[in-house]
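Colleague: Pasting the relevant annotations from Swiss-Prot:
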SIGNAL    1-19  signal peptide
DISULFID  Cys37-Cys72  disulfide bond
DISULFID  Cys39-Cys65  disulfide bond
DISULFID  Cys55-Cys73  disulfide bond
Amino acid sequence: MNKALFLSLVVLCAAVVFAAEDLQKAKHAPFKLAAPCFCSGKPGRGDLWIFRGTCPGGYGYTSNCYKWPNICCYPH
C-alpha cells in the first residue's frame, strides 16, 4: 500500500510540474486580438482592430485604413 501511495504522489507531482511548464510557455506566446480585413488599394490582408483609433505598437504595422469605428492595420 505504501508503494502505491508513493507512486501516486510522484505521478501527481510530475503532472503539476508539467502543467506549470505549459502555463509558462502560454504566457509568452504571441496573441493578437484582431480579425482579417481588406482595404481598397492595398494588396494582401490586414488586421482589423475593433474600437481602436490607432494601430497597436509592437506588431510591425506600417500602414492602415479606417473602417469606422475600427482600424485595419497592415504589417508591410
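Glycine residues also receive a Cβ, built from the backbone N, Cα and C atoms like all the rest.
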Colleague: Can you grab the distance from Cys37 (disulfide bond) over to Cys55 (disulfide bond)? Cα atoms, rounded to a whole Å.
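Modeller: Here the two Cα atoms lie 13 Å apart.
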Colleague: Going by a 10 angstroms cut-off between Cβ atoms, which of the disulfide-bonded residues Cys37, Cys55, Cys65 has the sparsest surroundings?
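Modeller: Candidates: the disulfide-bonded residues Cys37, Cys55, Cys65. Fewest Cβ atoms within 10 Å: Cys65.
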Colleague: Out of these disulfide-bonded residues, Cys39, Cys72, Cys73, which one has the fewest other C-beta atoms within 10 Å of its own C-beta?
Modeller: Cys39
Colleague: Calculate the distance in Å between the alpha carbons (Cα) of Cys55 (disulfide bond) and Cys65 (disulfide bond), and round it to a whole number.
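Modeller: Computed Cα spacing between Cys55 (disulfide bond) and Cys65 (disulfide bond) is 10 Å.
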Colleague: How long is the line from the C-alpha of Cys65 (disulfide bond) to the C-alpha of Cys72 (disulfide bond), rounded to the nearest angstrom?
Modeller: 5
Colleague: If one measures from the C-alpha of Cys39 (disulfide bond) to the C-alpha of Cys73 (disulfide bond), what distance in angstrom results, rounded to a whole number?
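Modeller: A Cα-Cα distance of 9 Å.
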Colleague: Through the lens of DSSP with three states only, how would you label Cys39 (disulfide bond)?
Modeller: coil
